[in-house]
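Chemist: Quick one: structure below, then a few questions.
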Amino acid sequence: MGKVTGISGRFGARYGSTLRKKWKEIMEKRYDEHQCPYCKTTGKVIRLASGIWYCKKCNSKWAGLAYTPY
């Protein structure tokens, strides 16, 4: 059975293991289900751009961190 690499498996053996692990942590946080700080709904928050987050349920838009909304 092969090793499970997750989202960073597309890089193969390139870029070094440390950078791939750091990138994997950041991307898993980015695509995780986030909670809206206004309506407290989970799973409806999307990233529009770097640092700009939007809730599909209450239509609120706010500035957060680059890869996480708060």
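Just so it is clear, glycine is given a Cβ too, placed from its N, Cα and C backbone atoms.
The annotation zinc finger is assigned in Swiss-Prot to 36-58. Taken from Swiss-Prot, the feature Zn(2+) binding site applies to Cys36, Cys39, Cys55, Cys58.
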Chemist: For the zinc finger (36-58), what's the model's average pLDDT?
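Modeler: Overall, the zinc finger (36-58) comes to a mean pLDDT of 96.
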Chemist: Count the residues of the zinc finger (36-58) that DSSP assigns to helix (H, G, I), to strand (E, B) and to coil, and report the three numbers in that order.
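Modeler: Counts, helix then strand then coil: 0 helix, 10 strand, 13 coil.
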